[in-house]
Amino acid sequence: MASTTDMSTYKLNHTMIRVKDLDKSLKFYTEVFGMKLIDQWVFEENEFSLSFLAFDGPGALNHGVERSKREGILELTYNFGTEKKEGPVYINGNTEPKRGFGHICFTVDNIESACAYLESKGVSFKKKLSDGKMKHIAFALDPDNYWIELVSQSETKPKANISNFRFNHTMVRVKDPEPSIAFYEKLGMKVIDKADHPNGKFTNYFLAYPSDLPRHDREGLLELTHNWGTEKESGPVYHNGNDGDEKGYGHVCISVDNINAACSKFEAEGLPFKKKLTDGRMKDIAFLLDPDNYWVEVIEQK
């Protein structure tokens, strides 16, 4: 086994969220958005399952690529029996005092047509194109009220085709962008774009692994949102989706060429671990903690 690791091969593989009713969520993402269930693990003994969804049609960016070697995967974690509970089970990360995770984003080939299509399918919206000042983005709501941002790709087609949609990015809010960016750079990611919004007093940073594609045509991006001034607050500002009784968002996951070498490198860099490879029964995965205590899973490419 090689003792080195090549960060240029790393992928931002997936984003995990917990869902109340798996059947309802699978139907939403596959039948409405056209995603494909590319893998599923059921743990009867522990009473939960993991379902991995991706855009995988003939025109998809990562069509047919092995699960661990691709980007743009959505992992749905389902704990048996939650669908029988009354009311919402999970938090979406956008309401105080449990803000943290913000949204996932799908880029589309014609945003007006895509939004009209989603409305025809009965999809609820947090923000329609016509709402507010920003007429070029919309936010749909999934069955658990997680936000799905909709943004145009670099080229607009005459009519939206769900087979061209891409799982572009995942957004989390960060207290202080400097240590957060430094952390993700130690994972091999780079800031590929930055957008300041003086009126709203926030900045968005987009990080990713190397690619020649325009930002809106890619998959596997991480968006860090910094609300100006939070870095001056004492203690944690955001909820990571995993701590305490109220859960929702789980983690992002990077896949690496050599997990032993990668974790050794991360440890040498002083990055904190939630779970080291040697911890627990699962010796083939690790979890890092970023500066806001968000979990970052590490898996090996097959």
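Quick reminder: no glycine exception, Cβ is built from N, Cα and C everywhere.
Values in this document were obtained by computation on a predicted structure and should not be read as measured data.
Binding of substrate is attributed by Swiss-Prot to ARG18, ARG99, HIS103, and within the candidate set ASN46, ASN79 the record adds ASN79 to that site. Going by what Swiss-Prot states, the Zn(2+) site holds HIS14, GLU75, HIS103, and the candidate of GLU149, GLU155, GLU178 recorded there is GLU149. For GLU149 (Zn(2+) binding site), applying a Cβ distance below 8 Å and a minimum sequence separation of six or more within one chain yields HIS103, ILE104, CYS105, PHE106, ILE137, ALA138, PHE139, MET171. By the criterion of other Cβ atoms within 10 Å of the residue's own Cβ, the least surrounded of the binding-site residues ARG18, ARG99 is ARG99. Straight-line distance linking the Cα atoms of ARG99 (substrate binding site) and GLU75 (Zn(2+) binding site), rounded to a whole number, equals 21 Å. Pairwise Cα distances among ARG18, ASN79, ARG99, HIS103, the recorded substrate-binding residues, top out at 22 Å.
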